[in-house]
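Here the structure is laid out as structure tokens; the discussion comes afterwards.
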Amino acid sequence: MAVTLDKDAYYRRVKRLYSNWRKGEDEYANVDAIVVSVGVDEEIVYAKSTALQTWLFGYELTDTIMVFCDDKIIFMASKKKVEFLKQIANTKGNENANGAPAITLLIREKNESNKSSFDKMIEAIKESKNGKKIGVFSKDKFPGEFMKSWNDCLNKEGFDKIDISAVVAYTIAVKEDGELNLMKKAASITSEVFNKFFKERVMEIVDADEKVRHSKLAESVEKAIEEKKYLAGADPSTVEMCYPPIIQSGGNYNLKFSVVSDKNHMHFGAITCAMGIRFKSYCSNLVRTLMVDPSQEVQENYNFLLQLQEELLKELRHGVKICDVYNAVMDVVKKQKPELLNKITKNLGFGMGIEFREGSLVINSKNQYKLKKGMVFSINLGFSDLTNKEGKKPEEKTYALFIGDTVLVDEDGPATVLTSVKKKVKNVGIFLKNEDEEEEEEEKDEAEDLLGRGSRAALLTERTRNEMTAEEKRRAHQKELAAQLNEEAKRRLTEQKGEQQIQKARKSNVSYKNPSLMPKEPHIREMKIYIDKKYETVIMPVFGIATPFHIATIKNISMSVEGDYTYLRINFYCPGSALGRNEGNIFPNPEATFVKEITYRASNIKAPGEQTVPALNLQNAFRIIKEVQKRYKTREAEEKEKEGIVKQDSLVINLNRSNPKLKDLYIRPNIAQKRMQGSLEAHVNGFRFTSVRGDKVDILYNNIKHALFQPCDGEMIIVLHFHLKNAIMFGKKRHTDVQFYTEVGEITTDLGKHQHMHDRDDLYAEQMEREMRHKLKTAFKNFIEKVEALTKEELEFEVPFRDLGFNGAPYRSTCLLQPTSSALVNATEWPPFVVTLDEVELIHFERVQFHLKNFDMVIVYKDYSKKVTMINAIPVASLDPIKEWLNSCDLKYTEGVQSLNWTKIMKTIVDDPEGFFEQGGWSFLEPEGEGSDAEEGDSESEIEDETFNPSEDDYEEEEEDSDEDYSSEAEESDYSKESLGSEEESGKDWDELEEEARKADRESRYEEEEEQSRSMSRKRKASVHSSGRGSNRGSRHSSAPPKKKRK
């Protein structure tokens, strides 16, 4: 397949080169012709000559000479390359070629007969302008006979050579959209390799305490780019490293990109990593510092470094001088932390593109070049030779911090970060457990390993009162939470005591302020019912007087026909009547006299001389009242929806075309009756969803309480869900939950279709669905990463933890409820379910009984006026995982066997909060015996219940048994180990415990015999006073022999 050349791109770019040359700025002013020659050298990775070729043609052409004259261009290359260049040599009839000089192609011969071609090029140079000065890339020196003979030919002619590296670099620094897409792809691959491979590998090394050399880890990163899973869908053949990854730690730091990773072992302190990946010849770069257990001082210095990067991003704007950018950052260092001025890197980054580092676009104090929209920079800031005061070992005393990103200069506003790898302390910090916690866990693991047949009794003697099971730890933590809960709730309610809740009064509707404003219609004079649509009033004759009633006072109307008469019955709202759920029960003047109902009667028989029947007026009144009532109620409902709506700021539109955008999404709830597709776009201060019909829904970042991303793993839709702080209006309703989703598979299945297990169509469909899921997930993740970068991570998307999910029914149907870091959510079903954990006071589990397969969960909020949330039908198997999750979130939970009347409970608390907490507060939900006073006694009695208690026969046999039987008994009652909670019993050995058990057993048996004798005497006394019908019934089941009844 022939290699194609992008002709349009060539013409655009060569015109830009000539345009800048003809402007005559800087070195261009002195140049008569430009000569670029490229030889063969495998060691040269970056050179201006090859960069210019790649920029113009898309490929690197070795052993090729390019001469750019004032009115012509000459390319000399091998026959095969000349064939490739013929695609742009024929410019006739090509409108894109207008303004670009004509091309002459010369074929390079393999022998030394190239003199005639060299002479043609020399002649062309002499004819171009003054023909004396040539622009060259002085640093580019290629070996080989062909290059040597050409350079000798140039030197013989005595041309003045001027280095034009800087001006050509500035010309090609502004990237076109196609180039930017390649650089964005390169940046995303770099981010993927860092996140999914390097960061994970470092965490594994730290977790396992491995000894790994920097050089070995760097080699593994280079190998990782050969695997497709890290390349974000790119072809591995188009991906290469810009330079070998640089990994440094343990006090030896050199914050440059020319160094290599040493062979020292990685030290678990500040670990700097720099890596750059090249995609289709375009470079990207990323630098991060991973910190293991950083001290507070290290974290403060790192946060200051992030602040400097933010300042640098703000200064990188179109038209600003590069030196001004550098000075602005240095001013921040001088003002806030002058002691770090000599620690910061000498330059703050450099221009990047086809070449990794553009020397003429370095961000330092001397660079006078102006920034232009479309330039891409690698910004790199770091502090070296910092002293760690808490460091004890030599490698811990010195550390460095280094961060860097690939960024794009925009027209207005700060530069856009292309490498979307999070860099806050919480994202790059690796916090380990302290040694005490590790030792505890190790001891626990060793103890578990020791547990075996015959060893349990031995282990029981070693168990101390300080050792706790997971359940005991959970209970202890819950006990602490219970004490905190009551104290905080009491304090909160005390603070709220002064706030009086404003009771909403029912609106008084006055139709006419005085009688003169009433309409003068004939119907009113004729004592007929008249409806004034303008003032929404029904004027009725009452005792011969036209009386106005506003439509709001009418509850309902009914009409019936009985014989020759039509009856119209009108019912009114009045105190004491049953009102609708949304109607207030408060009247402006409840002491006034109210009309409850009025009934009118009219004849259905037309009298002689009348045109219509009298009942027609009632029929018309009935119809019009219904219409007016409907219109009034619709308007009232809309006004009620608008009540309490907080006015939002206006959305600031970002006119940049590179805004994060997702297409082909549906919105829930629907804007119209039918669902419509649209696109979601992120702007400066919020999102805008635009439907295909043109409807717009704006969601501001500062109004988002929870931003959730529900991947399509195990689901039929992929969702972005926004739970809002304040409701927004669209579709004439208020909404606090808005989500955008797209379907990933067939929601419905054709049951009539005959399917075969190995049907190719089905297999192909499944493969297509898998690819679609992966594609959608990648698109959504890229969108989220761009949004988080755009908002400086002020808006962070939460992904539900599916592993912690459990089934339950918060509404009518069962769904999978999944925790996130700050909420409990279900976003796939509608209506959605979102509970913010910070607003939760406590969780109560109801109907927790052994014989039931499921239980209910009640969520009580800190705002006691808010209705509790019920989640029904949760499987019992989920109880322990839910408890563990709630405990880890520091949420108090209780459980009980009954369902409680929560409406009554919450009303009692709200009415008398002080009395509620004086009586123990929420402790009434605790199971009996878990109070603070009775806890020790309960634990002791529990131990007594669970301790091995032999029967009388067993006791007699034990006298003759060997010691081996004790170990078997201990094995059978290993749970007694867990029940030894008191200080006294945990300190005694097995023999002493057995002896105590025998004594307790003998005492209990004696007490039982005493109790039986007392009960027998009571029964005998009762039988004396009875009639004798059941006299023998009481002694029938007694263990004592029956005695004769006294007479």
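The backbone N, Cα and C atoms fix where each Cβ goes, and this holds for glycine too.
Looking at the stretches 438-464, 465-491, 492-518, the one that Swiss-Prot records under the feature region 'Disordered' is 492-518. In Swiss-Prot, the annotation N6-acetyllysine falls on Lys786, out of Lys81, Lys343, Lys786. Within the list Thr416, Thr778, Thr903, the entry that Swiss-Prot describes as phosphothreonine is Thr903. Checking each of the modified residues Ser188, Lys223, Ser650 against Lys786 (N6-acetyllysine) by C-alpha distance, the shortest gap belongs to Ser188. With every protein chain in view, the residue among the modified residues Ser188, Ser650, Thr903 whose Cβ has the most Cβ partners within 10 Å turns out to be Ser188. Closest to Lys139 (N6-acetyllysine) by Cα-Cα distance, out of the modified residues Lys223, Ser650, Lys732, Thr903, Lys904, is Lys223.
Ser188 (phosphoserine) sits 56 Å from Lys904 (N6-acetyllysine), taking the CA atoms of both as reference points. For Lys786 (N6-acetyllysine), other Cβ atoms within 10 Å of its Cβ number 21. Taking the C-alpha positions, the distance from Lys904 (N6-acetyllysine) to Lys732 (N6-acetyllysine) comes to 35 Å. Ser650 (phosphoserine) sits 19 Å from Lys732 (N6-acetyllysine), taking the C-alpha atoms as the reference points. The Cβ of Lys732 (N6-acetyllysine) has 10 neighbouring Cβ atoms from other residues within 10 Å, across all protein chains displayed. Ser650 (phosphoserine) carries neither a helix nor a strand DSSP state and counts as coil.
Taking the C-alpha positions, the distance from Lys732 (N6-acetyllysine) to Thr903 (phosphothreonine) comes to 31 Å.
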